[in-house]
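For B:His194, the entry in TrEMBL reads active site, proton acceptor. Annotated NAD(+) binding site per TrEMBL: B:Gly28, B:Val29, B:Gly30, B:Gln31, B:Val32, B:Gly33, B:Asp53, B:Asn114, B:Val137, B:Ser138, B:Asn139, in sequence order. The domain 'Lactate/malate dehydrogenase N-terminal' annotation in TrEMBL covers B:23-161. What TrEMBL lists as domain 'Lactate/malate dehydrogenase C-terminal' is B:164-325.
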Amino acid sequence: MSTEKLLSRVMEAEPVGSRSKVTVVGVGMVGMASAVSVLLKDLCDELALVDVMEDKLRGEAMDLQHGALFLKTPRIVADKDYSVTANSKVVVVTAGARQQEGESRLNLVQRNVNIFKFIIPNIVKYSPHCILLVVSNPVDILTYVAWKLSGFPRHRVIGSGTNLDSARFRHLMGEKFQLHPSSCHGWIIGEHGDSSVAVWSGVNVAGVSLQKLNPKMGAEDDGERWKDVHKKVVDGAYEVIRLKGYTSWAIGMSVADLVESLLKNLHRVHPVSTLVQGLHGVKDEVFLSVPCILGSGGLTDVVHMTLKPEEEEQLRKSAETLWGVQKELIL
Amino acid sequence: MSSVLQKLITPLASNASETPRNKVTVVGVGQVGMACAVSILLRDLCDELALVDVMEDRLKGEMMDLQHGSLFLKTSKIVADKDYAVTANSRLVVVTAGVRQQEGESRLNLVQRNVNVFKAIIPQIIKYSPNCTIVVVSNPVDVLTYVTWKLSGLPKHRVIGSGTNLDSARFRYLMAERLGIHASSFNGWVLGEHGDTSVPVWSGANVAGVNLQKLNPDIGTDADKEQWKATHKAVVDSAYEVIKLKGYTNWAIGLSVADLTESILKNMSRVHPVSTMVKDMYGIGEEVFLSLPCVLNSSGVGSVVNMTLTEGEVAQLRKSADTLWGIQKDLKDL
């Protein structure tokens, strides 16, 4: 046989297991954008895809495998059976139902809880030490759900939260100043979505606080209308959905950014959704985004932001709304 | 009252020219176009990316979605418009636009419809980027590369078809899998017409310079006990398979286009199997485009590698050339 003539075995055929495996659950637009971003950043040595739609799953896996020549990820696998996800370091959950027209948030959440009831235990079964990164919306609630269903310690269950909101804000800030977003610093925290909180006191370029230059920043009578910038962040997702039907690329890239910190143990600070009970006056078991340190152990520390009373009030209000929904869930 | 911007930043040379040096345009923001765009962005290949399409909402949505990820990228300008002025000064233009084959439609009819689409696109590209290199991806790629060449008036070295670049990538992946090695360590070329009649050059297939045909002289024939021919068939079938499963293919073609983009923009002079004008080679008398190993640099196709082909392989190329010319000669309005 050709192979015997071509190659001489040196090492007995024992498959060497992967050391930095990533699983993406859900091969819709967000899942695949996340997968491609992770692959193009050479972050993992094995990528697993899971979904219930078997043909689509197989097609997506094949399409990625056909690009193997251009990638440095030697193993790309896919199956609807979760055994294919075994020994993952990070599992990105993008699966879930989308909101139907006129559907209440509570109903959507309960539908997604039922989906997660199947997904989460299967993930845990095959990767009991993994870090769960929840992307599906409403992300703060579903991160709580994933935490409850998995039984994982809270530092291994992270929600993508306001990581993308902050990226959008920094992009808009960059456009305003003609600077690269990485040189524009601003943090959006709290609930991902309509009631996120822009922390104006922290917005800076090269350490220069913009609020010190413009004390009215973010207020109603701010001549520069920074509040509109935040509104554009909130509306950004809806606009892209209206124009192209969904969003994918930005969230995919932001997921890869988080995965990079987790797999490379970078100890970078990212605004992601974590258990905030006991912080900023929040009493209930809710997940909200605050700046967190991400490393190979997961979410190892939380950064204490000095917030204004009205900012803390907003966080507390979000917490109450989230708890209002969460306590009605059948887990 | 001076603004935050004025208090924060003191301009020194803000009016200095900021013409892009490595601008790439992608025409068509369907699944293939966007996969090309994202692969190029994530590989940090260009300093400006322009997107063009006729579907304005979709175009704007895709542009916004990419811009929202700009924090994670090193491409400072991402623009989009249905007006080609936005593509000005591109070094490379990737054309993915075109109509798809309808059920029962003849290839000639499909091509004629795409000629009409390209007549709206190509002159506009040239108007705004007269010195660009064009990479054609739309199918049937060999014919449409010819069409692009005719409509653009560009010298032949500046019009490239993605051709069998992807077929070769798939071939190398599938062959390498059988041997338990990475695709990049398996060397093999699939040439000629992109699609069903592509030619796997078995005489060149090697690992570390060890020629597989020397190890197995039957390789690629029907008599071959190891049935390596089946691997080439899998390459031909793979596009259809992926389309059957997920509706279209995009990731692999996107990655392969980014690979070509890298060679061109970085003037690397790497050899890629891409579709180029092959008249007067291998006894081909007509102006057709087929895939051969081409040296790609910042001028486009710098040179073509003279592949040593068997009689059978040359015959296959000539047959493809005849088929392509059969279609091309009846095209109107070129």
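Quick reminder: no glycine exception, Cβ is built from N, Cα and C everywhere.
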Across B:Gly28, B:Gly30, listed as binding-site residues, the smallest other-CB tally within 10 A is for B:Gly30
What residue among the binding-site residues B:Val32, B:Val137 has the most other CB atoms lying within 10 A of its CB? B:Val137
Cα of B:Asp53 (NAD(+) binding site) to Cα of B:His194 (active site, proton acceptor), in Å and rounded, measures 25
Top of the recorded positions B:Asp53, B:Asn139, B:His194 by count of other CB atoms within 10 A is B:His194
Give the helix, strand or coil assignment DSSP yields for B:Val32 (NAD(+) binding site). helix
Is it possible to list how many residues within the domain 'Lactate/malate dehydrogenase N-terminal' (B:23-161) are helical, extended or coil according to DSSP? 68 helix, 25 strand, 46 coil
Pairwise Cα distance for B:Gly28 (NAD(+) binding site)/the residue listed as 'active site, proton acceptor' [Å, integer]: 20
Near B:His194 (active site, proton acceptor), meaning Cα within 10 Å, which of B:Gly30, B:Val32, B:Val137, B:Asn139 (binding-site residues)? B:Asn139
